[in-house]
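Asker: I'd like to ask some things about the structure below.
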Amino acid sequence: MEDGHSKTVEQSLNFFGTDGERGLTLDQIKTNQAKYGPNELPTEEGKSIWQLVLEQFDDLLVKILLLAAIISFVLALFEEHEETFTAFVEPLVILLILIANAVVGVWQERNAESAIEALKEYEPEMGKVIRQDKSGIQKVRAKEIVPGDLVEVSVGDKIPADIRLTHIYSTTIRIDQSILTGESVSVIKHTDAIPDPRAVNQDKKNILFSGTNVAAGKARGVVIGTGLSTAIGKIRTEMSETEEIKTPLQQKLDEFGEQLSKVISVICVAVWAINIGHFNDPAHGGSWIKGAIYYFKIAVALAVAAIPEGLPAVITTCLALGTRRMAKKNAIVRSLPSVETLGCTSVICSDKTGTLTTNQMSVSRMLIFEKVEGNDSSFLEFELTGSTYEPIGELFLGGQRVKASDYEALQELATVCIMCNDSAIDYNEFKAAFEKVGEATETALIVLAEKLNAFSVNKSGLDRRSNAIAARGEIETKWKKEFTLEFSRDRKSMSSYCTPLKASRLGTGPKLFVKGAPEGVLDRCTHARVGTSKVPLTSALKAKILALTGQYGTGRDTLRCLALAVADSPIRPEDMDLGDSTKFYQYEVNLTFVGVVGMLDPPRKEVFDAIVRCRAAGIRVIVITGDNKATAEAICRRIGVFTEEEDTTGKSYSGREFDDLSIAEQKAAVARSRLFSRVEPQHKSKIVEYLQGMNEISAMTGDGVNDAPALKKAEIGIAMGSGTAVAKSAAEMVLADDNFSSIVSAVEEGRAIYNNMKQFIRYLISSNIGEVVSIFLTAALGLPEALIPVQLLWVNLVTDGLPATALGFNPPDLDIMDKPPRKADEGLISGWLFFRYMAIGFYVGAATVGAAAWWFIASSEGPGLTYWQLTHHLSCLGGGDEFKGVDCKIFSDPKAMTMALSVLVTIEMLNAMNSLSENQSLISMPPWCNLWLIGSMALSFTLHFVILYVDVLSTVFQVTPLSAEEWITVMKFSIPVVLLDETLKFVARKIADVPDAVVDKW
C-alpha cells in the first residue's frame, strides 16, 4: 500500500478489508499470501565458484600470459631430453602466478555481496498478530505476516513489517528508527493521517518501519508493506541494482593492459617476421619448420618479458601496507583498491551527526533571572564548555569563570535536571568513554548537573565512574521520585512528582519538577524564581524569555531549548488520573519558572582544521544530513563549511527544495552546493550519481541501513564504526572513531600511496621495456639469446618485486595536501613519463645486450669473436672460412647470458634508487630516506648471487659465476642509468611537470 501515511486509520483498514478489532480471516490471509508473497527479503543469488574463477581470467594481460604458458608447455614437450626440465619451469611458474591472482580475486568477490545478506539481521523472527481464527494475540513467524494483518508491538519488539498505527495503548510510543533514518533520538509516533503524499520517512510519524525497534510504549497497527515492499526492502532492491564500478586505478590498469597487449602483439609478430630469412639456417638443421618454431619461442619470450608479472602482487602488497598505516589513523579499509581511490577524492559527502559533530548532546548556554522589578528585569546568561558526555566543563558568566554553588537558582535548576529525568550516563571501560543510557536530550541534562556540581560535592579522589555520578547521588539523597507524567505531544512536556527525603531550601513539601518546550511550559507558569524568592511572571516577562530563547534557537548556535519549572504546591496524587495522559496538562499548572537551557550536538574540535585542509587540497566538503535546514546551516558555519556571514542561497538545499528543481537545476545545485538537509536515502544516491556524471570522485559517509545504497554507489563508501552491519558491509572503509578528520588523514595517505605506486609502476615498466628491447635487439641483429624466459620471470617476480614493494614505503611529499586532486581520467602514464620510460628502457635493453656482446667480442676470458661472426652465429654449423677455428657451442655459453642478467639486475637496483621520487634528485632525496629500499636492494643482490653460485639453481637459470673483471664491466654498463635519469628529472623540474595551483571554486 503506497502512501499509507496519508490515509486515515479507517481508510487503511478498509483498503485490506481488515476488521479493526479481530483482524483478517484465514481466507483473507491465504489470498494475501498468494498476492504479496512471504514477508522476507529474498536471498541473494550469488555467482558460482566456477563463474568467479573464470571471471578472473577475463583480462587481456592474463589471457596473453595464459596463452604464453600453453604455448611454452606445448613447445616443452618437443624439447631435447637434457633441456626438458628447464623448459617446463617457465609454463609452470606462469600458471602458479595466474592461479595465485585468481585465488585473491575470488576471495575478494566472495565478500562483495555481504552487505545485502547483512540486511537479514534486521528481519525479526516472530510477530504478534490478531487474527479471526483464534481469540486474543497469537505469535506467528514474521515471514507469515501479510499486508492487512493487525499487529501489536510493545517495548523491546522489533517491528516485523511496515505498519500503519491504528491505536496507541500507552501514553506515547517511541521508536528507535536510527538504522533506517539516521535520527539519533527515538521518535514519538501517533495515529493521525499525514496529508503530505511526498513526506520523507522522518516525517511519517504514523508509520512503524520494518526492522526498527520499540523504545517505549505499546501500540497496534495494520500491516501496509511486507518483504521488498517495506522501506528496508526497497533499500535492498536499490543495493542489488547498484552496479559495482571499477576504481580509477583498476580502469587505468585495464587501459594499460589493452595498450600493452597491442604493443606486444605488434612486436611479437615483427620479431617473428623479420627473422623469416633465418628459418632455414643450419642451426635449425635446415628445417624451415624448426626455424619457425625457434623464432616463435623467441616471440613467446618477448610476450613474457613485456608483461610485468610482479605488478599485481606489488600493487596488492603496497595497498595492504597502506591499509595498515590507515588503520593506525582509525580508518579501517575493507576494499584494497579503494586505498588508492582515496587519493583522487575530489568531494567528501559527510553525514553531520556523529561525524562532523560528537553525537553527544551538550548544554552550552542557560539563563536564569538575576532580578525582577515590575516589568524591569535582567537575566544571568551562563555558558558551559565540554562537548561530550564526560561531565567535565567550566561555567562562565560574562567571560568570567564562576561557581554554580554561588547561585541558589542553579541548585534548583540542577535538581530539576536530575529528578525530571529517566536517563543516565554510563562509563564504558572497553572504549574508555562515557555513553548515554536513554534519551540524548535527557543525558545532556544529567551531564549539565554534574558539571555544575551546584551542591559542592567533594569529588577529589574519585575514579571516573564515581566522579560522573557524584552530584546526582547528592541530589537523590534529598529527593525521592514517586512517579513520572510521561511526555505527550499535546503539552510538549514531562514532569516528575517528587517528595523530600530531608529539608532543603526548596521547602519541606512535595514538588512537581517540569521540563519541556519553552512556549508550552511558560504558558503554565504564574511565577518565576529569582534567587530564593518567587515573583509573579507577567506576560511581558514571558515575552522577554521567549525572545531570548528565540535568539538561542537561531543564528550561529541554533540551540535546542528546554524550559525548566517547578510546581511548589502540586495537586495531590490521589486527585490525579495517571491512566489518562490527556489530563496531564491539568496537573502541570501554577508553575514557577526556574530557567532555560540551550543544547546542541557540538562540532568535533578537530573538524574545523580538517575542513581547512580539504579546502587547501582542492576537496569540496558537502554536508548531507537529516536535520532541519537552520540547525544544519548553523553547524556548517561553526565548522567552516560556510563563513559566518556567507549567503547560503544556491549553496544549501533541503530535500524538498531539491526535489522541486528540474533535472538540469538539480545537477547545477549538486555542482555548487555544500549542504543538503532533511534528506532521504534516495537523495544521497542521486547526489552521488550527479557527481559521478561530472567526473568527480566522491567519498560518502553513512551509518544506517538507509545509507547502504549510497555507500555502495559512491567510489568510496565510508561507514561509521558505531554504524550498522549493513552500512559497514556496503562500505569500502570504516571509521573506527566516527571522526571526519580521520577521512582527511586517509585521503592524504591515499595520495601518498598513489605517488608511490606511480614510482614502482614506472620502475617495473621501464624494466620490462628494457627486457623487450633486449630481446628485440638480439632478434633483429641476429645475436645469440641474451635472456631466456625463466630468467625474465625471475627478474620480473623476485629481483624487481622486492625493491618495487619497498618503494611503497617512500615518505609522502611535504606539499601533498597543497595540490588539487588528480582527475579520475588522468592517465597513469603521461606523454613525458612515457618518454622517460622509453629512454630508460632503451638504455636498459641496450646495456643488457651490450654486456653479452662484450663477453663474446672484448672479454679477455671470452672467445674473441668478430661482430660479424656474432650476428651470423646461426650459420656456424654450416661451416665456411668465416667460422674457422670457432667452436659453435660457444654461442650457447651461459657466461654471456650471466653478463646480460647481471647488468639487468644491477641497473634495476640503481633504477629503484632513481624511483625514490618522481622528480627530486638523489642529492635532495638520498637512498637512506627509505631504509626498506636499501634492505630490499641488498636482498635482491643476495638472491642474484644465490642463483649464480648454487649449482642446482645455476643449472635451472642457465647462469655461471663471474670473475672480478666481469663484475667491474657489469658496473660500467649499469651506472650511467643514474646519470641519465638525473638529467631527465632536471628537465622535468624545469619544464615538463610544473604543478597546478589549487583554485577554490566553492
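Glycine residues also receive a Cβ, built from the backbone N, Cα and C atoms like all the rest.
Pulled the feature table from Swiss-Prot, pasting it below:
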| type | residues | note |
| --- | --- | --- |
| TOPO_DOM | 1-48 | topological domain 'Cytoplasmic' |
| TRANSMEM | 49-69 | transmembrane segment |
| TOPO_DOM | 70-89 | topological domain 'Lumenal' |
| TRANSMEM | 90-110 | transmembrane segment |
| TOPO_DOM | 111-253 | topological domain 'Cytoplasmic' |
| TRANSMEM | 254-273 | transmembrane segment |
| TOPO_DOM | 274-295 | topological domain 'Lumenal' |
| TRANSMEM | 296-313 | transmembrane segment |
| BINDING | Val304, Ala305, Ile307, Glu309, Asn796, Asp800 | Ca(2+) 2 binding site |
| TOPO_DOM | 314-757 | topological domain 'Cytoplasmic' |
| ACT_SITE | Asp351 | active site, 4-aspartylphosphate intermediate |
| BINDING | Asp703, Asp707 | Mg(2+) binding site |
| TRANSMEM | 758-777 | transmembrane segment |
| BINDING | Asn768, Glu771, Thr799, Asp800, Glu908 | Ca(2+) 1 binding site |
| TOPO_DOM | 778-787 | topological domain 'Lumenal' |
| TRANSMEM | 788-808 | transmembrane segment |
| TOPO_DOM | 809-828 | topological domain 'Cytoplasmic' |
| TRANSMEM | 829-851 | transmembrane segment |
| TOPO_DOM | 852-897 | topological domain 'Lumenal' |
| TRANSMEM | 898-917 | transmembrane segment |
| TOPO_DOM | 918-930 | topological domain 'Cytoplasmic' |
| TRANSMEM | 931-949 | transmembrane segment |
| TOPO_DOM | 950-964 | topological domain 'Lumenal' |
| TRANSMEM | 965-985 | transmembrane segment |
| TOPO_DOM | 986-1002 | topological domain 'Cytoplasmic' |
Asker: Roughly how many Å lie between the Cα atoms of Asn768 (Ca(2+) 1 binding site) and Asp707 (Mg(2+) binding site), rounded to a whole value?
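Answerer: Pair distance, Cα basis, whole Å: 45 Å.
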Asker: Out of Ile307, Asp351, Asp703, Asp707, which of these recorded positions is nearest Thr799 (Ca(2+) 1 binding site) by C-alpha distance?
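Answerer: Checked the recorded positions Ile307, Asp351, Asp703, Asp707; minimum Cα distance to Thr799 (Ca(2+) 1 binding site) goes to Ile307.
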Asker: Round to the nearest Å and give the CA-to-CA distance linking Ile307 (Ca(2+) 2 binding site) with Glu771 (Ca(2+) 1 binding site).
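Answerer: Counting only the Cα atoms, the answer is 10 Å.
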Asker: Of the stretches 49-69, 829-851, 898-917, 931-949, which racks up the most C-beta pairs under 8 Å with the transmembrane segment (965-985)?
Answerer: 898-917
Asker: Could you check whether the transmembrane segment (758-777) and the transmembrane segment (49-69) come into contact, where contact means at least 3 Cβ pairs under 8 Å with the two residues of each pair 6 or more apart in sequence?
Answerer: no
Asker: As a test: from 49-69, 788-808, 898-917, pick the stretch that has the greatest number of Cβ pairs under 8 Å with the transmembrane segment (829-851).
Answerer: 898-917
Asker: May I ask you to report the DSSP-based helix, strand or coil state of Asn796 (Ca(2+) 2 binding site)?
Answerer: helix
Asker: Rounded to the nearest angstrom, how far is the Cα of Asp800 (Ca(2+) 2 binding site) from the Cα of Asp703 (Mg(2+) binding site)?
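Answerer: Cα-Cα distance, Asp703 (Mg(2+) binding site) to Asp800 (Ca(2+) 2 binding site): 42 Å.
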Asker: At a C-beta cut-off of under 8 Å, are there same-chain residues at least 6 beyond the transmembrane segment (931-949) that contact it? List them, or none.
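Answerer: Those are 794, 798-800, 802-803, 805-807, 809-810, 898, 901-902, 905, 908-909, 912-913, 916, 956-957, 959-962, in sequence order.
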Asker: Which of the binding-site residues Asp707, Glu771, Asn796, Asp800, Glu908 has its Cα nearest to the Cα of the residue listed as 'active site, 4-aspartylphosphate intermediate'?
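Answerer: Among Asp707, Glu771, Asn796, Asp800, Glu908, Asp707.
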Asker: Can you work out which residues elsewhere in the same chain, 6+ from the ends of the transmembrane segment (898-917), have a Cβ less than 8 Å from its Cβ atoms?
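Answerer: For the transmembrane segment (898-917), the nonlocal Cβ contacts are 759-760, 762-763, 766-767, 770-771, 774, 786-787, 791, 795, 799-800, 803-804, 806-807, 810, 813, 840, 843-844, 847-852, 854-855, 925, 927, 929-930, 933, 936-937, 940-941, 944, 948, 957, 959-962, 966-967, 969-971, 973-975, 977-978, 981-982, 985.
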Asker: For the Ca(2+) 1 site given as Asn768, Glu771, Thr799, Asp800, Glu908, which other residues of the same chain have their Cβ within 8 Å of the site's Cβ centre?
Answerer: Leu764, Ser767, Gly770, Leu792, Val795, Asn796, Leu904, Val905
Asker: Cβ atoms within 10 Å, counted per site: which of Asp351, Asp703 has the most, among these recorded positions?
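Answerer: Of the recorded positions Asp351, Asp703, the most buried by Cβ count within 10 Å is Asp703.
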Asker: Most Cβ neighbours within 10 Å: which of the binding-site residues Asp707, Glu771, Asp800, Glu908 is it?
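Answerer: That would be Asp707, with the most Cβ atoms nearby.
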Asker: Sort out the residues at least 6 away from either end of the topological domain 'Lumenal' (778-787), same chain, that have Cβ-Cβ distances under 8 Å to it, and list them.
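Answerer: Tertiary neighbours of the topological domain 'Lumenal' (778-787) are 271, 274-275, 278, 295, 298, 301-302, 305, 771, 848-849, 852-853, 856, 870-874, 891-892, 896-897, 900-901, 904.
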Asker: Note down the number of other Cβ atoms within 10 Å of the Cβ of Ile307 (Ca(2+) 2 binding site), including every protein chain shown.
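Answerer: Summing over all protein chains shown, Ile307 (Ca(2+) 2 binding site) has 26 other Cβ atoms within 10 Å.
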